[in-house]
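Colleague: Let me give you the structure first, and then I'll get to my questions.
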């Protein structure tokens with residue numbers, strides 16, 4: 001870990017070169033693809049654990065962050081195996097980065113715990129629609145923390161998605177699973193809203209932190225520390241509940257699908273897909289902005305609703321249909337507004353802005369400033 005001193009010439013770090021636009025857009029598209037797959041798969045697998053006999057919210061919390069060692073591949077392979085960069089891992093990773101990453105990671109761990117409570121009681125479709133309320137908090141907190149401009153485009157999107165959740169709340173009595181008490185349903189409802197609030201805080205705070213990093217690899221390093229802290233939080237909770245011995249007992253005697261399905265799908269697949277989702281979220285926030293990342297995730301919640309209906313037979317009545325349409329409408333209007341503003345700005349500039357570069361040990365590192373600056377600018381002016 002660096003002591004914070006920078007060896008490269010500061011003037012070199014401000015150099016701009018003509019952009020490899022396709023590379024920038026490709027990274028953004030690939031990141032969203034992994035977010036798409038990871039978000040939907042992790043939500044369905046999280047419910048899979050509870051549907052077939054799993055009962056520990058701490059286990060459900062633990063699997064959401066325990067896959068952090070997978071990030072070591074993205075961090076170490078480029079330098080030591082692929083030899084595509086001379087930048088050593090954790091170069092310029094300062095004490096400030098470490099402290100903030102740990103603190104954010106602990107908040108993320110508690111967020112995961114609240115999500116687990118909500119998932120254990122609510123249908124996938126219901127919890128997904130409730131989580132869309134995070135956009136209200138994300139917009140407000142982004143305005144406070146990173147000075148995000150409130151425009152017609154993002155405000156319209158937030159209003160539509162919030163209305164979607166309000167409609168769902170008014171129809172909640174018809175959505176309560178049979179055998180579930182009103183108290184437990186209320187706990188699940190409040191826990192899910194709380195998880196949305198904390199995740200809304202997570203997005204702009206990480207955006208502010210990512211403004212102090214200079215390449216995509218550093219984003220993964222910050223994410224590694226965050227997920228490690230979240231895993232420590234969950235592991236302590238598991239230890240108080242019986243630890244891994246309880247997992248073995250649950251796999252062999254409680255889980256109705258048997259130990260093979262327990263370890264393969266309820267645990268391993270959950271670990272991988274959750275890590276994919278969180279890593280892609282971080283990449284999306286870094287390349288664009290916290291509010292854009294939140295809107296992209298919220299758009300996927302509509303797919304989670306459909307996934308819950310298909311995979312678990314969740315009730316999909318008129319209110320949920322309207323709520324889902326509002327989610328899609330809100331995201332589509334925001335995306336279109338952002339796209340039109342980007343085209344207008346590109347036309348005014350006459351060409352794409354440059355890709356910011358830095359130099360480390362004589363070799364150039366490319367930071368995806370092109371996409372980040374263009375999308376953020378469009379978001380501010382949409």
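From the backbone N, Cα and C atoms, a Cβ is placed for every residue, glycine too.
Since we're looking at a predicted model, the values are computed, not measured.
Straight out of Swiss-Prot:
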type     : residues : note
DOMAIN   : 66-170   : domain 'EamA'
REGION   : 345-364  : region 'Disordered'
TRANSMEM : 25-45    : transmembrane segment
TRANSMEM : 62-82    : transmembrane segment
TRANSMEM : 98-118   : transmembrane segment
TRANSMEM : 121-141  : transmembrane segment
TRANSMEM : 150-170  : transmembrane segment
TRANSMEM : 185-205  : transmembrane segment
TRANSMEM : 224-244  : transmembrane segment
TRANSMEM : 260-280  : transmembrane segment
TRANSMEM : 291-311  : transmembrane segment
TRANSMEM : 315-335  : transmembrane segment
Colleague: Verify whether three or more Cβ pairs under 8 angstroms connect the transmembrane segment (224-244) with the transmembrane segment (121-141), leaving out any pair fewer than 6 apart in sequence.
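Modeller: These two segments do not touch.
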Colleague: Among 62-82, 224-244, 291-311, which stretch has the highest count of C-beta pairs below 8 Å with the transmembrane segment (25-45)?
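Modeller: It is 291-311, which has the most Cβ pairs under 8 Å.
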Colleague: The transmembrane segment (260-280) vs the transmembrane segment (185-205): three or more C-beta pairs under 8 Å (separation of 6 or more)?
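Modeller: By the criterion, they do not touch.
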Colleague: Given pairs 6 or more apart, does the transmembrane segment (98-118) have at least three Cβ pairs under 8 Å with the transmembrane segment (224-244)?
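Modeller: Judged by the Cβ rule, the two regions touch, with the required three close pairs present.
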Colleague: Can you check how the pLDDT averages out over the domain 'EamA' (66-170)?
Modeller: 84
